[in-house]
């Protein structure tokens, strides 16, 4: 019993020190570094095909992130807990992707004052137009920054998160400037095929 109490104390201390909760420790979601700056959440595993593009860009810029599945409709308590504890756990913003009746970004925004970046995921029936309208049409007072449908939206949401973080990180700002310059250089180097 004494040993069990000791382990419990260590576990609680670990969670407090690393600003996480027991829920997140045991649910096994991916954390890229001990304390994440950006949260990437999505409604189901099928959304990962799109949301992985946000994770890839954050990795390229060495920005710490966590990613997990939270369904606004099937796991609402988990969603509320995630949003309400995000600031205390050190997150600076949340990238939320969802398809169909895409309420996840808006409901997260309703429960946190952190910036929420919404990514509409392509749906089977309406090609993501339903997702886009669900995310973009928020009531006054609860903003969600909404991006393009699909991969481009996920990538741009990550770049937007990096831009937010770069306000207080000079090195990250320089890397973002270089990224933009590299894009410009690649366009300048493009040529058209010779006409025959």
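The first residue you see is number 1, and the count goes up from there.
From the backbone N, Cα and C atoms, a Cβ is placed for every residue, glycine too.
Listed features, source TrEMBL:
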DOMAIN    36-187  domain 'PurE'
BINDING   44, 47, 74  substrate binding site
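Features recorded in TrEMBL, as mapped to the structure shown.
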residue: 44; record: substrate binding site; Cβ contacts under 8 Å, 6 or more apart: 69, 71
residue: 47; record: substrate binding site; Cβ contacts under 8 Å, 6 or more apart: 69, 97, 98, 99, 121
residue: 74; record: substrate binding site; Cβ contacts under 8 Å, 6 or more apart: none
Please compute the mean pLDDT of the model over the domain 'PurE' (36-187).
97
If you pair up every Cα among 44, 47, 74, the residues annotated as binding substrate, what's the maximum separation in angstrom, rounded to an integer?
15
Secondary-structure category, per DSSP, in which residue 44 (substrate binding site) falls
coil
